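See below for the structure under consideration.
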Ligand code: CMP
């Protein structure tokens, strides 16, 4: 048995024994996903040869310690495998926050080299944390709904990236917990500075987002339409609402309570944003975006690994994905109508 394999199994065994998860498969899946992400972060740090690169702060309005990519925090042996390596913006210790992390320690291992099969066709953020182990006494929120309401929820979340990759139970729990809320035009749904209670998904209508910074009058920074979602930041970081959200038409929203949001949607969302934020800041095409807009892009990203010589996009095919090169290089060619191939400028990271 390869030594590395034995070590991983040993570590996983200890975590399973200590957490006693009900959903063992999900727990193990989360464990391996987290390991892949830690490996990916170490690989990228060493590939860029910037071992002490700091990840910038999530939002200027909050303060939290920075994380060093070269020595990512890894969970203690008795930490649930699926928990995030950093919830450093969490400030309270309320009753539902047993999903918060235990103290993390620095990984003493040297930077790893890239394994031969690293990230091949893998999606690193495939599952949201089930959190089953730490919520055995948790009473699920179930708001009765008609089949017609359920259908409307399904349609509203169908194209929303935050709801991708939920397993069946998680999906059911989310739909059960959602509450229908209706607002007239020009009503305030969220007030900047208020305490976070719900996360919202837009079924119909439009809303504007305003942010007031440094005592200046608030400015419009974003708008939402059907399928959009907002109100996650205060729930994720136990901070005040970072923006004011006002309806600009009659609106139907689906509201998810704070505890269900944290239990099911938070882990995957914050993990992805953390993973990609430093990289997205370096992408020239995205430089002019607001930090929050880059977070929304991070929500939609999935890592895909291509081997040298593989075709990523073929001229004439229908476009279904937009790609950003995180590491590596690509050549570009263009065919004339006569079928003659011309080299174009190549592409690199960003
Ligand atoms: P939250 O802080 O909980 O409440 C206000 C929400 O507005 C916030 O979560 C985000 O979901 C959303 N929002 C949209 N644009 C921004 C932005 N530029 N800065 C902060 N929050 C924003």
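Including glycine, each Cβ sits where the backbone N, Cα and C put it.
A quick note: this is a predicted structure, and the numbers were derived from the prediction, not measured.
Record note: among 13-65, 66-118, 66-118 is the stretch given as region 'Disordered' by TrEMBL. Of all the binding-site residues listed here (232, 241), it is 241 whose C-beta has the fewest other C-beta atoms within 10 angstroms. Confidence in the domain 'Cyclic nucleotide-binding' (162-282), given as mean pLDDT, stands at 94. DSSP assigns residue 241 (3',5'-cyclic AMP binding site) to coil, not to a helix or a strand.
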